[in-house]
């Protein structure tokens, strides 16, 4: 697994890293790390069992606690990017927060707060050791905030109260209860180095609380009292199987004796956010202690910036039409991150310059199709929301969104130039988008309105074809003129898939009428051949060299055809490999349901030796075509928040009246409908709590041959060979060791050292050897390299361009290799095409970056030259006038 694109935020809290330059966003059951300074995104290679609800980050930025919907937690190292420990809290957790000194962390679940010793400070067998349990609120606890010195923390609750607890047992503060609100507490914040508190509630009210005691005035409990308390808890623990830690029971109305010599709070002010009458619920808030900046988000998508304690409005802006689910402020207080779970939006706003640092949004509904650009640098995706988005594979960011379609997009493809994207839609149009000017420059339509289900463009990029699912016809247009050239009829069922032969102008069309038709575009538009199958055809694909055709049918078979002679060359029975899951409301078992399932997406690898296949299940299969065997099965998700993930239904979820899944549990949440009293019409009655079903809608192999992508319910998943440390030696000998390689290098036997480094296949070592070769000897080394290693060196150069700063040095290598071995490489061009395209992608990216820099500098240099020339002329003019004056004075003197 390499990365997750297409989804930037689902639900849960956002958090900035310690340096404030990166943002951690929960995406389903994974977390993505957005590096805002280097403009890159990375999805960590770990996943929870269900969707992540809250993320707690340690103050040193090394550890994170990820907690899912059912309360299962993962302790994760953000440096090693691996899971250190697993823990189960047994109930859903609402929030988690580390203390500023990093020694403790608190989680809130049900109506209690649990304080644990933070892991990682000392070596322990169990990373999660319970320290104290705090009781007090009557309803569910919602939020946590710590004082700066980690002595106390505050907890907000749904019962409209806020509780301040001591992390240690202080003599004058064990617990304190604050009221004053009429709705659920959304957030509570301590003032910097103080016990003064701000509380924010859902009905958009802010209370300011002042404490009569400073943090330094908190007195530790006398040893006698503390010992008595500890003895009492120890006696209780003797009868328990596991130590529960100390328990602190708070009272909302303590008596006079309990209040004596204790900390007192008084409400200084109460402010309301919505004075204009645009009343809507406050959904999230964040506070920056150093700058006294309060940011509040509302259900209507508006956010406010206030300066506290005076409650001065600095700024207000609407960023979405959905509720703002989460807000985070970075350590410097410059950047504010907003997450909107309804539309999957993630925004980072710089409030001082009033500009976006990051603005990303995934597809609102599921993605349906994807296409790689010819150089593998970009991926275009089409979704059911009618949008076409283009993503950069190296940064994982979407840089353009086309919204011209008025209905779901069913197919997208790039032309061979890589600068035009075509998309087909159910709105009856095929649109062409220009990646230079980012505009829709052609719109192709049919004489009668019809819904297009598939799309193909020939290798020249001149002929565009789209298949209709209601009129059973194929429409052919010219890209140059935009005119409809022909309508191909002959199929007796909806057209399910189209594919052009990469080497010839031959179009293959698949249909539900159990046939695949081949059309020769140059031969007066007539059918060249009809291939008859036993079942409805779902998808068709040509091999990259155009000599073989793969067809997937409804009976679960993938058949391979020599289309020149209309002969079947092989078949794969793939139904058992799909391994369907059972949906919650299915009446039959997964094994029975799998009998009616088949592959709906096919794709050849870049070298044409294997084929990828996926469908309505959580597996993607990769088959070897020659041997017709399953090579590997990829499980694309382990997220049980999605439907059809389990093979067997859980008996515990079945009752005498049917499945528990029929009960709409989501109705009581803040996301859903508040269940009203009879006769009260309030809320969106159409809202239903539903689980999306896991499926693979489209698969594509990168032209570079190094990665492949799949559009799934989870998002756009990338699988790559480049990520991860893999020891993969090549023709390894006993003598090939790092020390021997260094010895050979010292003897200046560069060719031998390169061959030995590639045999060991350690990337760092190869880089060291390559960069040790003097630039004037590159020519000699290239000419003496064996043919087998030329390919390896080219592949290494392509990956080195991505990371290295030695641009000119590696360009010399690439230039010399291609000049000296070009003729020999041409004979193996089909096999080498992915490597060459990978190299081209890397060089092209650098070319674009450097050319932009040069263009920018050209004008700066021209400007500097123009100014210097002007000044020079001015000086000359001044100099000549001075000389003339001198001459005049001399002549006067002579006279």
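Placement of Cβ uses the backbone N, Cα and C atoms for every residue, glycine included.
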Which listed span TrEMBL calls region 'Disordered', if the choices are 138-178, 179-219, 220-260, 261-301: 220-260
DSSP-derived helix, strand and coil totals, residue by residue, for the repeat 'WD' (488-521): 0 helix, 19 strand, 15 coil
Looking only at residues six or more beyond either end of the repeat 'WD' (488-521), which have a C-beta under 8 A from one in the stretch? 453-460, 463, 465-470, 472-476, 527-542, 544-547, 549, 551, 553, 561, 563
Given the repeat 'WD' (360-401), its same-chain partners at Cβ distance under 8 Å and 6+ residues beyond its ends are 3-9, 39-43, 343-347, 407-414, 416-418, 421, 423, 425, 427, 431, 433, 435, 438, 692, 697-698, 700-704, 706-707, 709-713, 715-716, 718, 802, 837-838, 840-841, 844-845
Distant-in-sequence neighbours of the repeat 'WD' (402-443), which means Cβ under 8 A and at least six residues beyond its ends: 365, 368-375, 378, 380-390, 449-457, 459-461, 464, 466, 477, 479, 482
